[in-house]
């Protein structure tokens, strides 16, 4: 028995000693191989289901206790940096919609429309999306934690934290801080099991879908993914460069390696909140800031969603022979950006906001829902890339706002933001 326990400890030490990224890549490879060789062994996919469920269950509690604890301690500093984060989230979402309009004009797409998709809730206009957001803000806080309604969670956490700050004694505040630390530790344990979760998620996707999504709608999918990559590799980094005046790609690479990879397979910005918070800690960001900005980003920083809504609406217009003027294209960018900010509050996310954008061009709801149906077909890949972009950029822009403030204060940035030559000159170790 002693030999068995010793062997188990040895395996655990090897597992924990390896980099999380390396373990995730190994899980990805194993999941793909198993899906191609043993697609009938469906229980392997349960690892992915359990992993995503655990993250989704823990994330709302984590957000509530971190924000409430920070405010109760009196350490929350929602200063000018928060305004910068908010601006970056909203501006880049609009920029993503503009980029999508440009790529759609350069590479116009048409659709082969078939049976209309069915949906329980479809927003009919921008006013309905805004109304949904406002309603979500004042929802029941317990129900908000159950549903993962982060706008509501943030509001109640702020109110609860401010109330605790004014009436609670030091021992109560210390207890809240301990609860926040305990929840954070639980999240670390869950994230440590990410390789098994990724293995299950990859297994399910490959076994169920294979490469079928590429065959019928390959050009549309290529435009969607290409536009998102353009935002990731060109326009997003350009915004970061304007604020930091230095090479943005070390930060971009770090965020996509540690946040985007996980988000690609979980396909949920909410489930990736704990991963993003852990990454923010590694990047040296202020906990009082990122505990608010990251869950807010998961709600309103929707670059990928804005791209999806815009391109699908433009494709629908092209299919029906509708000529889109420049003013109409600009209006579409605004509507797509605002609508994308409400994607987290709508069942089905960005795809079910397509009819709202289509309504700008007088496209009937029946036809718009057929476009949604096409979206569901390519959704396995489109949604993965979209979530990857959305989630990784949450950290990118939170870090950009923080580092921008550091530079104004004369502080040095983390070592990875400097070149080898600069590190040697400044005496910084990598």
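Every residue, even glycine, has its Cβ placed from backbone N, Cα and C.
Note that the coordinates shown come from a computational prediction; the quantities given were computed from them, not determined experimentally.
What Swiss-Prot records for 24-44 (among others) is transmembrane segment.
The transmembrane segment annotation in Swiss-Prot covers 47-67 (among others).
Taking Cβ pairs closer than 8 Å, the transmembrane segment (82-102) reaches residues 227, 230-231, 235-236, 239, 243, 289, 292-293, 296-297, 300-307, 309-311, 314, 329-330, 332-334, 336-337, 340-341, 393-394, 397-398, 400-401, 404-405 in its own chain, all 6 or more past its ends. Among the features that Swiss-Prot reports, transmembrane segment is placed at 82-102 (among others).
Sequence annotations record features per position, and here Swiss-Prot assigns transmembrane segment to 144-164 (among others).
Here Swiss-Prot flags 186-206 (among others) as transmembrane segment.
Sequence-distant neighbours of the transmembrane segment (223-243) (same chain, 6+ residues past either end, Cβ-Cβ under 8 Å): 84, 88, 91-92, 95-96, 99-100, 103-104, 107, 109, 249, 251-252, 256, 303-304, 307-308, 311, 378, 381-382, 385-386, 389, 392-393, 396-397, 400-401, 403-404. Per Swiss-Prot, transmembrane segment is recorded for 223-243 (among others).
Tertiary proximity for the transmembrane segment (294-314) is limited to same-chain residues at least six positions away from its ends with a CB under 8 Å from its CB atoms, namely 59, 63, 67, 85-86, 89-90, 92-97, 99-101, 103-105, 108-109, 150-151, 153-154, 220, 223-224, 227-228, 231, 236, 269-270, 272-273, 276-277, 280, 324, 332-333, 336-337, 339-341, 343-345, 349-351, 353-354, 356-358, 360-361, 363, 371, 374-375, 382, 385-391, 393-395, 397-398. Residues or ranges marked as transmembrane segment by Swiss-Prot on the basis of sequence analysis: 294-314 (among others).
Beyond the transmembrane segment (320-340), the same-chain residues lying 6 or more positions past its ends with a Cβ under 8 Å from any Cβ of the stretch are 90, 93-94, 96-98, 100-101, 105, 123, 126, 129-130, 302-303, 305-306, 309-310, 313-314, 350, 353, 356-357, 360-363, 367. As annotated by Swiss-Prot, transmembrane segment applies to 320-340 (among others).
Sequence annotations record features per position, and here Swiss-Prot assigns transmembrane segment to 361-381 (among others).
Same-chain residues lying 6+ beyond the ends of the transmembrane segment (186-206) with a Cβ under 8 Å from its Cβ atoms: 16, 20, 23-24, 26-28, 30-32, 34-36, 39, 44-52, 54-55, 58, 62, 262, 265-266, 274-275, 277-278, 380. Under 8 Å from some Cβ of the transmembrane segment (24-44) lie the Cβ atoms of residues 194-207, 261-262, 265, all in the same chain and six or more residues away from its ends.
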